[in-house]
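Trainee: Have a look at the structure that comes next, please.
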Amino acid sequence: MSFYNTSNNANNGGGFYQPSAQFAVPQGSMSFQNTVGSSNTGNDNNLGVAPDPLPVGILHALSTKGYPHEPPLLEEIGINFDHIITKTKMVLIPIRFGSGVPQEILNDSDLAGPLIFFLLFGLFLLMAGKVHFGYIYGVALFGTISLHNLSKLMSNNDTSTQTNLQFFNTASILGYCFLPLCFLSLLGIFHGLNNTTGYVVSVLFVIWSTWTSSGFLNSLLQLQNARLLIAYPLLIFYSVFALMVIFV
């Protein structure tokens with residue numbers, strides 16, 4: 001190691017001063033890479049943190065998995081497949097769950113299932129030669145807002161009951177109970193419904209959706225002997241979609 005000596009500038013002629021060998025720095029004593037690497041390794045071992053790389057591969061890239069210690073993406077955004085399956089079963093077999101609906105299912109505001117059902121309804125109409133995606137989502141949005149406000153007016157004066165009734169709860173219930181009308185639109189692909197048989201079948205599917213949705217809302221609002229009163233506006237709401245399948 002050399003440095004410029006300013007004190008003996010006149011004697012040495014302004015040159016560089018080379019220290020003796022006894023003051024030389026030993027080789028490798030200032031190797032920062034080894035020191036930092038060893039300290040980091042010691043800290044990692046002390047903290048118990050192990051290397052945690054992401055899995056590689058095209059399948060992992062398209063999946064919703066992240067690091068092993070992190071929750072899945074679907075869980076973080078609130079999509080629960082168990083609730084989706086349970087709600088779908090309740091709509092398909094309403095008599096089986098006639099004793100009561102769990103409060104956890106009623107308070108679930110999942111909209112993944114309703115969006116899928118409305119998309120299937122539009123696709124089935126498209127396969128039947130009817131393009132009504134704008135009408136479907138427009139009527140669904142306007143009807144959900146109207147039925148939510150009406151349900152709040154019909155709910156009890158209990159504060160806890162009113163706080164449980166949120167807009168997305170109403171939208172989730174109406175969307176899941178829309179599933180029978182998807183079967184109606186699927187039937188319209190293979191057979192025309194603008195006849196007496198089609199009218200009867202459409203009425204049955206509308207009643208199916210109305211009965212299940214009124215049961216959900218009646219349990220959520222904790223009303224007594226008011227299911228038929230709730231069912232009347234729901235019947236009108238689902239009848240609009242049945243008319244799309246038959247006439248439009």
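Cβ coordinates come from backbone N, Cα and C, glycine included.
OK, Swiss-Prot features for this one:
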- 1-110: topological domain 'Cytoplasmic' (TOPO_DOM)
- 111-131: transmembrane segment (TRANSMEM)
- 133-153: transmembrane segment (TRANSMEM)
- 154-172: topological domain 'Cytoplasmic' (TOPO_DOM)
- 173-193: transmembrane segment (TRANSMEM)
- 197-217: transmembrane segment (TRANSMEM)
- 218-227: topological domain 'Cytoplasmic' (TOPO_DOM)
- 228-248: transmembrane segment (TRANSMEM)
Trainee: At a threshold of under 8 Å on Cβ distances, which of 111-131, 133-153, 173-193, 197-217 pairs most often with the transmembrane segment (228-248)?
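Mentor: Comparing 111-131, 133-153, 173-193, 197-217: 197-217 has the most Cβ pairs near the transmembrane segment (228-248).
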Trainee: May I have the DSSP-based helix, strand and coil counts for the residues of the topological domain 'Cytoplasmic' (218-227)?
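Mentor: Summed over the topological domain 'Cytoplasmic' (218-227), the classes give 5 helix, 0 strand, 5 coil.
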Trainee: Where else in the chain does the transmembrane segment (133-153) make close Cβ contacts, counting only residues six or more beyond its ends and a cut-off under 8 Å?
Mentor: 118, 121-122, 125-126, 162, 165, 167, 170-171, 174-175, 217, 221, 230, 233-234, 237, 240-241, 244, 248
